[in-house]
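Below is one structure; the comments refer to it alone.
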Amino acid sequence: MKMNLKRLVVTFFSCITFLLKFTIAAAEPPEGFPEPLNPTNFKEELSKGLHIIDFYSPYCPHCKHLAPVWMETWEEFKEESKTLNITFSQVNCIESADLCGDENIEYFPEIRLYNPSGYIKSFTETPRTKESLIAFARRESMDPNNLDTDLDSAKSESQYLEGFDFLELIAGKATRPHLVSFWPTKDMKNSDDSLEFKNCDKCHEFQRTWKIISRQLAVDDINTGHVNCESNPTICEELGFGDLVKITNHRADREPKVALVLPNKTSNNLFDYPNGYSAKSDGYVDFARRTFTNSKFPNITEGELEKKANRDIDFLQERGRVTNNDIHLVFSYDPETVVIEDFDILEYLIEPLSKIPNIYLHQIDKNLINLSRNLFGRMYEKINYDASQTQKVFNKEYFTMNTVTQLPTFFMFKDGDPISYVFPGYSTTEMRNIDAIMDWVKKYSNPLVTEVDSSNLKKLISFQTKSYSDLAIQLISSTDHKHIKGSNKLIKNLLLASWEYEHIRMENNFEEINERRARKADGIKKIKEKKAPANKIVDKMREEIPHMDQKKLLLGYLDISKEKNFFRKYGITGEYKIGDVIIIDKSNNYYYNKDNFGNSLTSNNPQLLREAFVSLNIPSKALYSSKLKGRLINSPFHNVLSFLDIIHGNGMPGYLIVIVLFIAILKGPSIYRRYKVRKHYRAKRNAVGILGNMEKKKNQD
């Protein structure tokens, strides 16, 4: 028996191995599939645009598994590649060993992005799928830096720093800020030098990124420098960069590190870049610019804040990133009553604010309540666009209730947003509590509308779930001028619907607070009638009524020209087009793509979109009784079995409950029959017989 089982197992695995070999061998190239590049045509082909190149060995198992994926990717993308001017190519490193040696290829397969000047970055996503490769191609084809030939021929502005030079910086002797990179080498005098980095595959691509950073920051009078950690082990180890001094784990890849040194300061002047490694320059540049600007606590005027809040933002632009989607944290004080100690809190905010993108710190010597009230009134001008409907009224009492504070305090304004926020600083205690202030800042730290992609969806879903119930995603496209213009209009409609919903949400909050007040007053009245002790009455009167600020919306837009496989990746089923809106319930990961009438959810009709928000979060205020039907993200079930989503959403406990119920239904009748038989049997055994119950007779004597 054991021998037969062993033979079966061996036969099974032999079949699997054969099938795998057959599958790999059967991967025939599609018609027109290009031959691998070689030393003769490599540079000529690179001169024609962007190239994603697979450096492979025909004897490498991983390369063999990648081969059919690469062919499918090329075939599906070949027409789009002509439009985007980016090509999928290959190099056989057995036939072109010298070429692979010149390109420092250390393992197979290695997938790299090249432009006419040479290597830009590596593709490091796993698993390597057709979808991830195509998404990478689309993303990189739209990055203007990748085709900037002037940049590639230019030199880096970064200065080589000896250990003594860096110590001078942190001693406060610099007059300009320095963004400094740290490298696992001792030989890099110029950051453009061609070097071999051990266990640092990302170092080569970051050299180009660092050049971009150095040139962009030079415009802002921010210096850049680089430190060789192998030459300065003590400094790097003290900074927590010990892995750049020597290899501690040969299997782990190392990454360059970056830190900012502020000038003319001997303390609180060194800040590590907080967001981890990236081959993109934007995050580093924003970090350096904002942190340096924030460290100066610049003044701002009411007029400047009003202009920023009233700004009409185009979230999509034909060139470059959106530059006016910022958040402004303003320290507001009365010059007649402020004391020098009140300003100390600003120094403690520099470091935590450096970790939040797009947030700027300012100060102003006046109360901004009137500005906040006036801006809030502008929101009602926007949402009262339909004269045929009942005009919505600004609830001044609710506004006052949510802006009670004393000076000094903090206000927060967002570009393009008429809604501002006031920190509840009722006393000096709150205004000197850095944790309380940062908790409040983080709660409102998302920009007005955020670009959603595969890298940040999960982060947005988990962001402040107690306050923000839903994430609304507008689908747009940035393929050309016409689409960009139309997409900006769609995002503005999304904003309009969200402001209408915000009015209803605030009115509902106000009603709930008044109900709690009435219940509290009724409770006080009752205990007074019962002639309760004075201390109990006082305790009841001191009970605080919580002002719950929940069921808010997070807004985002998804560029489907960049993220065509986004829906498949996250298991969001259905056919989608530009203009559609997807609402994700952040509490249970359900998504909704139909309105109250079963039609595709879009922002073309802001009122229907508003009603979708209301139906999900405040059904008692909804105009329509019909409920929205949602699906679970990454549900394993077909639409026909969507009722099973609730089981899958509860994970293992959900399936265990179903199994228990199934067993109960299956075994229930037989268990019940056995129970009846046993009960009947016990009843027969307890029969008294012809002599009667002897114990009873004894009791009768």
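Even glycines carry a Cβ here, placed using N, Cα and C.
Lifted from Swiss-Prot, the feature list:
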DISULFID  C60-C63  disulfide bond
DISULFID  C200-C203  disulfide bond
DOMAIN    28-142  domain 'Thioredoxin 1'
DOMAIN    408-446  domain 'Thioredoxin 2'
CARBOHYD  N85  N-linked glycosylation site
CARBOHYD  N264  N-linked glycosylation site
CARBOHYD  N299  N-linked glycosylation site
CARBOHYD  N370  N-linked glycosylation site
SIGNAL    1-27  signal peptide
TRANSMEM  646-666  transmembrane segment
Legend entry - Collapsed DSSP category at N264 (N-linked glycosylation site): coil
Legend entry - Assigned element (helix, strand, coil) containing N299 (N-linked glycosylation site), judged by DSSP: strand
Legend entry - Tally of residues which DSSP labels helix, strand or coil - the domain 'Thioredoxin 1' (28-142): 47 helix, 26 strand, 42 coil
Inset, instruction - For C203 (disulfide bond) and N85 (N-linked glycosylation site), determine the Cα separation and express it in whole Å. - result: 27
Inset, instruction - To the nearest whole angstrom, state the Cα distance for the pair N299 (N-linked glycosylation site) and C63 (disulfide bond). - result: 58
Inset, instruction - Can you check which residues sit near C200 (disulfide bond), meaning Cβ under 8 Å from its Cβ, same chain, 6 or more apart in sequence, and list them in order? - result: W183, P184, D253, R254, E255, P256
Inset, instruction - Count the Cβ atoms, other than its own, that fall within 10 Å of the Cβ of N370 (N-linked glycosylation site), considering every protein chain shown. - result: 10
Inset, instruction - Let me know the DSSP-derived helix, strand or coil state of N370 (N-linked glycosylation site), please. - result: helix
Legend entry - Rounded distance in angstrom between the Cα atoms of N264 (N-linked glycosylation site) and N370 (N-linked glycosylation site): 37
Inset, instruction - Measure the Cβ-based neighbour count of N85 (N-linked glycosylation site), defined as the other Cβ atoms within 10 Å of its Cβ. - result: 11
Inset, instruction - Taking Cα atoms as reference points, rank the recorded positions C60, C63, N370 by distance from N85 (N-linked glycosylation site) and give the first. - result: C63
Inset, instruction - Between C63 (disulfide bond) and N370 (N-linked glycosylation site), find the distance joining the two CA atoms and give it rounded to the nearest Å. - result: 65
Legend entry - Rounded to the nearest Å - Cα separation of N370 (N-linked glycosylation site) and C60 (disulfide bond): 69
Inset, instruction - Could you pull the average pLDDT for the domain 'Thioredoxin 2' (408-446)? - result: 94
Inset, instruction - Could you say whether, by DSSP, C203 (disulfide bond) belongs to a helix, a strand or a coil region? - result: helix
